[in-house]
């Protein structure tokens with residue numbers, strides 16, 4: 001496990017000036033200020049002992065620009081909520097390289113699924129090398145490791161997917177045979193279901209900057225990225241258009257940040273409780289109940305989204321598809337916006353899909 005230490009003052013997140021796009025040349029993709037974070041984050045080994053003694057909270061995170069943006073959002077909220085954490089060196093960010101970050105040549109499904117982006121961070125948490133772990137919730141397996149809890153979700157960002165292309169305004173405008181790049185079977189299946197004449201390259205992996213570079217180099221004609229990530233990176237000027245929920249149901253927990261700590265660390269749990277956004281936590285719990293019931297993995301395209309409707313109730317929508325998009329099963333539920341009711345409808349929706357799909361559906 002590789003770890004890099006950073007003090008809380010080593011980073012800043014400068015805002016990217018607005019740059020509305022009237023034309024879209026290859027050079028117009030905007031990169032995030034976080035693209036150089038790894039260099040700025042590295043500190044001399046001799047500083048680590050001193051920092052370990054003074055830090056009140058060590059935040060564990062992956063080293064991608066998006067992961068660092070999420071860690072900094074967490075840090076800033078902690079500093080704003082607790083005066084003792086606003087002091088110099090009170091919070092450190094520890095960058096941990098995960099297996100999923102190291103192996104980019106294979107689809108996630110072939111190398112073990114989503115837990116690859118959390119396993120090493122969870123191990124560092126359990127071993128006491130960090131105090132809290134910041135995750136993209138869609139990467140968190142449905143079962144947490146022993147000795148850990150995840151009591152906090154930050155307010156959810158926009159859950160929709162963004163369409164990005166240099167040559168077309170939307171998926172519908174792409175000529176037959178056009179290649180779309182994505183690492184998501186969920187996106188692939190929904191694209192092919194609606195636009196079977198398109199081709200999907202499904203090992204289009206890498207961070208946001210890498211995928212935009214591949215697009216500008218002509219490797220693919222278009223790609224889809226989570227709008228939440230682009231917003232957190234101040235890179236929304238790269239968005240060609242935004243897909244509606246009806247056109248592309250999001251991944252379970254898309255746009256949500258989850259923060260874990262050790263189950264016996266009452267102080268960290270207290271800090272995290274002060275940041276928790278309960279409406280988001282309930283929605284994520286509902287979606288993950290759906291996913292757990294389906295025993296979903298990266299080999300099965302699954303989508304799920306819980307939101308509060310105009311009457312204050314929870315509206316849940318779930319979807320399961322075959323990877324080639326030829327078969328799509330959808331369902332929906334409405335319940336009061338309470339934990340028990342939302343867990344119930346998530347599970348119930350999953351059980352309905354299982355009964356409709358049949359035993360062979362998830363073996364494809």
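Counting starts with 1 at the first residue shown.
In case you wondered, yes, glycine gets a Cβ from its N, Cα and C as well.
Residues or ranges marked as compositional bias 'Low complexity' in TrEMBL: 1-18.
Here TrEMBL flags 19-28 as compositional bias 'Polar residues'.
For the domain 'Porphobilinogen deaminase N-terminal' (57-269), the mean pLDDT of the prediction comes to 92. Residues annotated as domain 'Porphobilinogen deaminase N-terminal' in TrEMBL: 57-269.
As a summary of secondary structure, the domain 'Porphobilinogen deaminase C-terminal' (283-354) carries 28 helix, 23 strand, 21 coil according to DSSP. The feature domain 'Porphobilinogen deaminase C-terminal' is assigned by TrEMBL to 283-354.
Annotation comment: TrEMBL describes 1-28 as region 'Disordered'.
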